[in-house]
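Feature annotations, reproduced from Swiss-Prot:
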- 47-57: motif ''HIGH' region' (MOTIF)
- 563-567: motif ''KMSKS' region' (MOTIF)
- LYS566: ATP binding site (BINDING)
- 874-939: coiled coil (COILED)
Amino acid sequence: MNEDQFPKAYDPKSSETGVYSFWERSGMFVANASSEKPAYSIVMPPPNVTGILHMGHALVNTLQDTLIRYKRMQGFEVCWVPGTDHAGIATQTVVERHLKASLGKQRTDFSREEFLKHVWDWKEKSQNVILSQLRQLGCSCDWSRQRFTMDPGANRAVKKAFKILFDKGVIYRGYYLVNWDPILQTALADDEVEYEERDGWLYYIRYQVVNSEEFITVATTRPETLLGDTAIAVSPEDLRYSHLIGAKVVVPFVNREIPIIGDFSVDASFGTGAVKITPAHDKDDYKTGMNHQLPMINILTPTGEINENGGIFTGLSREVARENIITSLEALGLFVKKEAYSSRVGVSYRSGAIIEPYLSKQWFVSVDSFRDSLRGFVNSEEIRIFPPEFVRNYLTWVNNLKDWCISRQLWWGHRIPVWHNKHDENVICFDGEGGPEEVMRDPESWYQDPDVLDTWFSSGLWPLTCFGWPDENSLDLKKFYPTAVLVTGHDILFFWVTRMVLMCSAMVDTEPFSDVFLHGLIFGKSYREYDEKGEWFYVSGERKRDYDKGKALPKNVVAKWEKLSKSKGNVIDPIEMIEAYGADAVRLTLCSCANRGEQIDLDYHLFEEYKNFINKLWNGARFIFGHISELTSRDLEEGVNQDLLGLEDFYILDRFNELLDLIDGHYNCYSFDKIASLAYDFFKNDLCSTYLEIIKPTLFGKQDSDQQRATKRKLLATLLINILGVLHPIVPYITETLFQKLKATLGTVENGKGDSVTGHAVSMLRSEACMVAEYPKPIHVAFPQGLRESFGIAERLVYTIRNIRGEMQLDPREPLQAFVISSEKKELVDVCIPIMCALGGVKTVEQLAEAPKDSIFSLGVVEGIQVGVILPPEHLAKERVRLEKEKTRLEKSIDSVSKLLASEDFRTRANPSLVQAKKDSLRNSQRELQSILDKLASL
């Protein structure tokens, strides 16, 4: 074969760019909203424009592209909409850091418009990199429909949705205790707060009762908030304090008199049984304050410093204020003690700041009216969640859903479309262009709300905005909405998935997608090195790479699977992996790992393993090309003579049909790992290691007729075309490259359609590309009765020969001489002999009536068929040992099955077919044991 036409090694770099350009140039990614084909649509979870793609992006987009390519080949009008997310807090934070590092300036050094120009510039650069990387991965998105969560269409949709909810009274504005990030100076939703267990202190502080010499002691983790105390609470059932309920105490430093109240929410066993109530800075205290109509005093500035309500502590940070207050309490004799105490602390998922419960006026979405529909979509299976274990998580979250804080004190994002009157409480919600008519007439009296919407508000509308809503006449909306499936990580089931269901169903009264597949989160291997003091640090750089490649770990280094993190040194860059192993190897690795668990352990050796498979695919195809190069498409159009098909041919066709059936089932439930494994095993084991090895003597002219050889070649071409189709959704680059080589080799398809064996391959060859070819279908032939059983016997005969070779330590390169004894299955043995020779490394196999008396041989029995391997004289002792082992195994098996069959409970309750199978198994084992005993006796 010409090296230029078909190089010995596959080079991803030399083909991937050209193949992708061919697809894109040919318009194969573009969806047609006017098509009569059934629709299949996906909207890409938009990557944040904060940087570049990470391995999680590579995973989710590989899985989506696999589905899109599969459905495209099945004849659906597929539409995969790509896009990026403005990611309000995240992007603003990144840009602020960039400006600080590059220009030495803060956000507040710019006007709002100037700062936003910097953010838009950042967005353009980041988005271009992200989209380029998606192309490298092989994503077959419809780039003509590319969207951004702050593009004009998205902005129209966001304003429209806000006004719809505002007019319904679902959106409201009010004072509420929010999660405040003092670094980013914005409110966060409850699910944007991460909780960490942290060690701290429990402080005991005394408050003097007014007009009394008595004191009441409380325990608190946050003594600085006493400046905002408005009550002391005790349990009404706590006899220690019942006489004090209704009395008042004095708050130190601010000299405010506050009541002692009785409240059943107080845990009398915690601390002293008395707790301070600071409604403006604690969520539980807020509820108590509302129930008792207590004042709510905010003591903090937006930056986390003590405000004017803090008296002498005004201007201090929370941390410094705490220290000064404790010192001052000690001086006044009001500090009792402190105890070590561990508590859950809320931390901002973006800035890492300790979250401050903060009384603030914010915009909210009331969720009560949505709760039933959110449950109903999933309970009725209008939305199916995969894996189903997450249904419970979803429903639990919906049941505990609280009003959603949607305002953010940021500059980057969708500005809230509400105008406030400067002179009264009037507000106008407006969803049109420009501003409301009242504002245009008297602009000096109005101002637009300065806050922006939570990123998840616009992301919640993503499936709608991608297809043109709120334009109800949009062809895309009519054709492609609702979408088929949402593929995303399980970690944003609450952040995003539920909010999409809420927002989209509120706008158009239907679910945004039919299915949700929640993949696991990627974990990488990190290495902790411990020093003599027991302290540890993460290993990085060359040493880590050596460990990843299998270098033995020292005793003081421990490997651990952890979420990918730069600080842990276990980040795996998908683009680096593509450069090193090729996009197909990366995609296959990710698919093979995408099980239905919550964690995906991603190891470097997997990329190496699947790169080897890509090379195996190339080399296997190259071998086949060497034997079909003289074929033309016309040969395939003529079909094959099924009378010339052998057992091995029927076997491989049956295995292929079974593969299609299994893979289709796994696509339906998003078992990507099983799809990858099945396709991998079929090509590597069934096609290459089994079928090709069996037919090599025919291909090389060592056995069978010219007509049989021609039939095998047609079948090989047919199988290769079809398996390329099966593999294409996962490994599109190499399959497209090989498909184009097949088209060039076999030539233009004429008018013939082929037969039931070659017909679909002929149909695929008519396609411009593998990507748009029809997905393979089962190959229909008259399969012989008992095919699987017959080939199974052939495989077991081969296994027996290989087992004898191994146990006798015979040279694996030395062809063996074997014989077979079977009075009942001579025809089957005749069919099995070529398979035994090809796969068992046997030179000759004779059918005998009895074992040769003048030879030393090792004997095995398969389904009553005795198979023997002639041995050199020196192997007599080894054969006796082998037979004794086999005798022991069979005796144990016979004893176990006999006991089972002796059980009346088993015989009466078990399926009759299972009982019969056990009887047959017992009979075969007894026959095999007798053969072993006879052989031992002869030795």
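From the backbone N, Cα and C atoms, a Cβ is placed for every residue, glycine too.
Remote same-chain residues near the motif ''KMSKS' region' (563-567) are listed as 54-56, 521-524, 538 (criterion: CB distance under 8 Å, separation of at least six residues from the stretch ends). In terms of DSSP helix, strand and coil, the motif ''HIGH' region' (47-57) has 3 helix, 1 strand, 7 coil. DSSP assignment over the motif ''KMSKS' region' (563-567) gives 2 helix, 1 strand, 2 coil. The average pLDDT the prediction assigns to the motif ''KMSKS' region' (563-567) is 84.
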